[in-house]
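One structure is given here, and the rest of the page talks about it.
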Amino acid sequence: MLYSLAKSLMFSMDAERSHHIALSSMNLSASLGLPSLLGAESLDVPTEVMGIRFANPVGLAAGLDKNGSAIDGLAAMGFGFVEVGTVTPRPQLGNPKPRLFRIPEHNAIINRMGFNNHGVDELLVNIDRARYNGVLGINIGKNKDTSNEDANSDYIYCLRKVYSRASYIAVNISSPNTPGLRTLQFGDSLNTLLEALKNEQAKQANLHDRYVPIAVKIAPDMTDEETEMVAESLKTYEMDGVIATNTTVSREGVESSPIQAEAGGLSGAPVRNKSTKVIRTLSKALDGALPIIGVGGITEGFDAAEKIEAGASLVQVYSGFIYKGPALVSDSVKAIQALPIK
């Protein structure tokens, strides 16, 4: 009930403005004990994936807290893990506003943010300030003005910077809002990036005496054959995980909305089936070689369980969390917990 009231207030404002207000108040609300009043529950359902012990299998997807400014507040919402970013080597403004659009009748959001963030150095300062000691994923990307030919250097730079602070590192090569980024998912571009990441991971593991897993985040808009080719590359280079999926450029499910004409990635309920289909294809192609983190269209507990049944080991939420609040996290944990043991 209280979250419904809070959502009504936030939805009366511009989407990006309300996002910033919510983030800036998140840590304070946690210190005042408000998350429980908003429906948050901390459920301990230990899950081990990528050699990491997760408090529960439901995490926050990247994109909500790009700069790591609200880690403590978000952790209090019951998540088993929190992923911050996407962060780039240098600060960048992202795309021109407006660039964030709600479609409430479809529990959906269109965004064309464009990796707006304050840069990796500020992210690290914010992480060091946070009290949170749970699983923290850090999602890394490239700057818009870095060519695809030089993209590897941006990813390696960020990997070096965040390695000591991350529980795992997510590599974003699938946002539709940075021109040309998705081409890094294919062929030699993908293979050279994965090889560079694994080489640097080995150096950092030796330097810090700690192995930090790397998961690659992919798009939902590939064909089955393309997804299978990505899976083969992930296996070849012994990546530690894959996050499926990012937002879609499709407008299937929101055709009736005037907002559908806006450029950007669509998230929320309409991407659910696309994401789950990719998870099924990946699961078959990977055959257990590396775990899948399922994300895309989870707005009910059932949706989270569906992704686990499709082959995911963990799930993440973002748009559904905006629409349904922290109750979605606990509902998802309970739905996954109720699944038959495989």
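Keep in mind that glycine also has a Cβ here, set from the backbone N, Cα and C atoms.
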Among Lys66, Lys307, Lys324, indicate the single residue that TrEMBL lists for the substrate site containing Asn111, Arg112, Met113, Gly114, Phe115, Asn172, Asn177, Asn246, Thr247. Lys66
For the FMN site that TrEMBL lists with Ala62, Gly63, Leu64, Asp65, Lys66, Asn139, Asn172, Lys217, Thr245, Gly268, Gly297, Tyr318, Ser319, give the additional residue from the candidates Thr86, Thr192. Thr86
Long-range Cβ environment of Lys66 (FMN binding site), under 8 Å and at least 6 residues apart: Val84, Gly85, Thr86, Val87, Asn116, Asn117, His118
By CA distance, which of the recorded positions (Asn139, Ser175, Lys217) lies nearest to Arg112 (substrate binding site)? Ser175
Mind telling me which of the binding-site residues Ala62, Leu64 has the densest Cβ neighbourhood, counting other Cβ atoms within 10 Å? Ala62
Whose Cβ, among the binding-site residues Asn172, Asn246, has more other Cβ atoms within 10 Å than any of the rest? Asn246
